[in-house]
Amino acid sequence: MRLFLCRHGQTEHNCTDTIQGQSESKLTDKGLKQAEALGKRLRSEDVDFLYSSSMPRAVKTARNSWKFRQENCNINLFSWSEERGWMIEYLNKTVHLEDL
């Protein structure tokens, strides 16, 4: 199994060195191009799942990176700000790399 971790494309806040945290900041034209470049890079990879934060900048990055594939984009959204207890419980029950 291979795991690809990707950050959202460049945002308006990134251009002004502003920490955005959970506040929303739109992707710039460069950020959209970065997402497309990511999609082209991953086009030949066998991707089973795509997970994204529920933040619009992350969702837009995910959708733009997937548009070069034949398959429909089924983005699994999650938010660290919701269901925190469930997420930690779920993560603690998953298989860890050292167990493989």
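Glycine is no exception: its Cβ is also placed from the backbone N, Cα and C atoms.
Per TrEMBL, the feature substrate binding site maps to R7, H8, G9, Q10, T11, E12, H13, N14, R57. DSSP classifies H13 (substrate binding site) as helix under the three-state reduction.
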Per DSSP, three-state class assigned to R57 (substrate binding site): helix
